[in-house]
Amino acid sequence: MSTWANLGLQDSASPLMEQLIFFHDHALLILVMITVLVGYLMFMLFFNNYINRFLLHGQLIEMIWTILPAIILLFIAFPSLRLLYLLDEINEPSVTLKSIGHQWYWSYEYSDFHDIEFDSYMIPTNELSTDGFRLLDVDNRIVLPMNSQIRILVTAADVIHSWTIPALGVKVDGTPGRLNQTNFFMNRPGLFYGQCSEICGANHSFMPIVIESVPVNYFIKWISKNINS
């Protein structure tokens, strides 16, 4: 999760987020190069004494400053398209999780297992433990296995919501009457925090998401415990 004075992106917890960070750095480098070049040219305009009263056109330089930006845009477009297709790729999922957005909480269903479903509410500040995070912790966390392909189906029961976990590079809109899906792969254990990122009413800020990434054997024990109970 983000901490104070964290100016960069969060540490990734999935291969897709790693690729998003690489693309961000790639695009930012190109933007810095363009900004430095244009800034240098504008700065030098104020201090040079070059004057040409008879300059009417320069076809060569016009061709250069038309073609060069197009080539630079290709260097951004190709990695962007590759990443776009990677994000939409659905491999064979090990676990399917269904998330339903409500005003203002989330409901979850483990579709692969019989009768495992629960609601997840934000823990109020006055009930929060000393090691909890205000406005981010929930009473029922999502428990998912690490190093496994996870598919998530997102919908909403009332208005548009958005299921977002920055560390995993996942953002899926939940729309009433529609079912959107995406996938992710968690490559390390931990707690990953997120929030609804679509303005959905008065308490939009108070419907956080918490994923607990655990080894597969712990996940199997958790599933067995919940099925038996």
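Note: Cβ is positioned from N, Cα and C throughout, glycine not excepted.
Curation does not apply to TrEMBL; its annotations are automatic.
Listed in TrEMBL for this protein:
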DOMAIN    1-91  domain 'Cytochrome oxidase subunit II transmembrane region profile'
TRANSMEM  27-51  transmembrane segment
TRANSMEM  63-87  transmembrane segment
DOMAIN    92-225  domain 'Cytochrome oxidase subunit II copper A binding'
Beyond the flanks of the transmembrane segment (63-87) by 6 or more, those residues with Cβ under 8 Å of it: 16, 19-20, 23, 26-27, 30, 34, 169, 182
Secondary structure content of the domain 'Cytochrome oxidase subunit II transmembrane region profile' (1-91), with strand meaning DSSP E or B: 61 helix, 0 strand, 30 coil
For the domain 'Cytochrome oxidase subunit II copper A binding' (92-225), the number of residues DSSP places in helix, strand and coil: 19 helix, 63 strand, 52 coil
